[in-house]
Amino acid sequence: MSSNLSNSQILNNLLEGRNLDELTSRSLMQRWLNDEISDVETGAFLSALRAKSSTGVELSSMAEELLNVCKLPVARPNLYLVDTCGTGGDGANTFNISTAVAFVAASCGVKIAKHGNKSASGKVGSADVLLNLGLDLNCSLEKVITAVSEIGITFLFAPVWHKSLIKLAPLRKTLGIRTVFNQLGPLVNPLRPNAQVLGVASEDLLEPMGRALLKMGMNRAIVVYGSGGLDEASLQGENKLVLVENGELRFSKINISNFNHENIANEKLVVSDQESNEEILKSVLNGSGQISHINVVALNSALVLWAAGIEDDLNEGFNKALFSINQGDPWKKFLLLKNYLQTN
């Protein structure tokens, strides 16, 4: 079913600050997928949605339409899957924390299906760093899916699964602003995870993203806005959280000082180039990294362990993540995934 509103009527509603209902939101995404919206109209729609701010209904409805056209080559594993994909776009140029978190959580027993892409605004996105470390993201889609059952973690490179959106990439790059598609990225993991920790680059996205996850049936999730504007939980100070659990949203806060560790400025997490990002990621995973790098990964990993239902006590989750890192288990998990994806 499609909305009877024309493109210009939908655009006018957005420009007047009116929220779109579920039917109209789905119809808008269908029109993008069916090439029924021109480049000029697309630019106007994306700018209008950005100016208005997207709602949970708009985000969940558009995400569902994208997922409906994303077909899996083999059956989804019957596992409790967790994603650590966030919006990106905080512009802070930190090392790739969420990617490190994925391997730490996997080494603690979480089944990770990480959705990701190349960099939006940072030095390197999750796909960039994994490719540079030798992970084969061009292997068969079947192998990508079976990896989560065999190894306990997999990585889904967004452009491979959402080919219909590739045509919008040049226009989005030309616009040069964060758009609704940055917000949709974490919501359209083809394996439809049961739980998620989702970092946002803007505080006003906390509730809409939480409501979108709730509407999409997420069992447990945490949306996090980090102190100092990070799209991860930060060591700098108080981090704001929206927790999705038992069909409800609740708001919370977390600070590394709660774990008897000192606050550290976000500048300590910044990387200058691609090579240093890879070095830091590897050093965290093998347990040889700086304490600030290890602590920020352990803090975010504790959130993932909560979402996975493995550790309800965040202090216990933090300590569990630290222990795994100190043992070098996350790096072993990375090597297992690398070898698995390379074999025929």
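Glycine too: its Cβ is placed from the backbone N, Cα and C atoms.
Quick look at what Swiss-Prot lists:
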- GLY86, ASN117: anthranilate 1 binding site (BINDING)
- GLY86, 89-90, THR94, 96-99, 114-122, SER126: 5-phospho-alpha-D-ribose 1-diphosphate binding site (BINDING)
- SER98, GLU232: Mg(2+) 1 binding site (BINDING)
- ARG172: anthranilate 2 binding site (BINDING)
- ASP231, GLU232: Mg(2+) 2 binding site (BINDING)
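Distribution of Swiss-Prot features across the structure.
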residue	record	Cβ within 10 Å
GLY86	anthranilate 1 binding site	29
THR94	5-phospho-alpha-D-ribose 1-diphosphate binding site	25
SER98	5-phospho-alpha-D-ribose 1-diphosphate binding site	25
HIS115	5-phospho-alpha-D-ribose 1-diphosphate binding site	24
ASN117	anthranilate 1 binding site	18
ARG172	anthranilate 2 binding site	18
ASP231	Mg(2+) 2 binding site	28
GLU232	Mg(2+) 1 binding site	29
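Geometry remark: GLY86 (anthranilate 1 binding site) versus HIS115 (5-phospho-alpha-D-ribose 1-diphosphate binding site), CA distance 9 Å. The DSSP secondary structure for GLU232 (Mg(2+) 1 binding site) is coil. Within 10 Å of GLU232 (Mg(2+) 1 binding site), counting C-alpha to C-alpha distances, fall the following of the binding-site residues SER98, HIS115, ASN117, ARG172: SER98. Between the CA atoms of the residue listed as 'anthranilate 2 binding site' and ASN117 (anthranilate 1 binding site) there is a gap of 14 Å, rounded to the nearest whole number.
The secondary structure of ASN117 (anthranilate 1 binding site), as reduced to three states from DSSP, is coil rather than helix or strand. Reduced to three states, the DSSP call for THR94 (5-phospho-alpha-D-ribose 1-diphosphate binding site) is strand. Rounded to a whole value, the Cα-Cα separation of SER98 (5-phospho-alpha-D-ribose 1-diphosphate binding site) and ASP231 (Mg(2+) 2 binding site) is 9 Å. Candidate binding-site residues: THR94, HIS115, ASN117. Nearest to ASP231 (Mg(2+) 2 binding site) by Cα distance: THR94. For the recorded site, ARG172 (anthranilate 2 binding site), the DSSP three-state label reads helix.
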